[in-house]
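Over in Swiss-Prot, the protein carries these features:
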| type | residues | note |
| --- | --- | --- |
| SIGNAL | 1-31 | signal peptide |
| TOPO_DOM | 32-241 | topological domain 'Extracellular' |
| DOMAIN | 35-127 | domain 'Ig-like V-type' |
| DISULFID | 53-115 | disulfide bond |
| CARBOHYD | 104 | N-linked glycosylation site |
| DOMAIN | 139-236 | domain 'Ig-like C2-type' |
| DISULFID | 160-219 | disulfide bond |
| CARBOHYD | 192 | N-linked glycosylation site |
| TRANSMEM | 242-262 | transmembrane segment |
| TOPO_DOM | 263-310 | topological domain 'Cytoplasmic' |
| LIPID | 264 | S-palmitoyl cysteine |
| LIPID | 265 | S-palmitoyl cysteine |
């Protein structure tokens, strides 16, 4: 038979728990504490947003409020000395006692914001809370580059790039309005193709194009704020005319052979030699052979001496 503890003893056993609870509540009283209804707000660019910072417990009627912005490892004041500071001046205000509202947010407002409260009359004088603000920007029309014509078996690279979206968009490619997988081997529908798509850079690479890869291509850039696409561009895959290439090479070789043969025939018939001799046989007729003109110091004029060979 179990022994029952008298009611008075049960009450005494509960007294330590009661005193601990009172002690705990006494520690909380007079300690400033903060909370937020949303620590990770997300907003579209050019909209307004409220950064929630609420005082739940404090014995100080007029605590000091400060807001700071933490971005790129730098900390700057947003609200200090009861004034909006920095790049938020003119487009932000304090709601209630501590919350911060921002109008017309831009992508540069994406950062960590720290709400700090100093209550001099409280047991715990300081408390703070950090809020991460994300400003989303819809992508603009991406720039797409698609080769117009590629021979069968050659490599081809398609590019898609967008620079305005935030967070950075992901890219997807379409051929004839059919979405392409990141790897052609992952889908039996594209078993005749060999390509790989990098959804982060927007690059679509064909290791060796086939005739089935011909078609209309376009790219879509998308993030949580929206999406945008470029205009369709056609890529044609054509067969190489091996017979025509060989025939063209043979024609060129035949023409070169005929030119060489003609030059050799002209040289053998003496066309180049006769022209050279004709040029060397030409002499100046102004001075006949066998006549010497000598001028002496005694004569003022020329004296003619001649020798004749008969």
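Backbone N, Cα and C atoms are what each Cβ position is placed from, and that goes for glycine too.
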Inset, instruction - Using residue 265 (S-palmitoyl cysteine) as the reference point, find which of the recorded positions 115, 160, 192, 219 has the shortest Cα-to-Cα distance to it. - result: 192
Inset, instruction - Out of 53, 104, 115, 192, 264, point to the one nearest residue 219 (disulfide bond) in space (Cα versus Cα); all of them are recorded positions in the record. - result: 192
Inset, instruction - Just give the helix, strand and coil counts over the domain 'Ig-like V-type' (35-127), going by DSSP. - result: 6 helix, 47 strand, 40 coil
Inset, instruction - List the Cα distance (Å, whole number) between residue 160 (disulfide bond) and residue 104 (N-linked glycosylation site). - result: 30
Inset, instruction - May I ask which residues of the same chain, at least 6 positions away in sequence, place their Cβ under 8 angstroms from the Cβ of residue 104 (N-linked glycosylation site)? - result: 46, 47, 48, 91
Legend entry - Between residue 192 (N-linked glycosylation site) and residue 53 (disulfide bond): CA-CA distance (Å): 58
Legend entry - Conformational class of residue 160 (disulfide bond) under the three-state DSSP mapping: strand
Inset, instruction - Can you tell which of 53, 264 has the least company, meaning the fewest other C-beta atoms within 10 angstroms of its C-beta, among these recorded positions? - result: 264
Legend entry - Fewest other Cβ within 10 angstroms of its own Cβ, chosen from the recorded positions 160, 265: 265
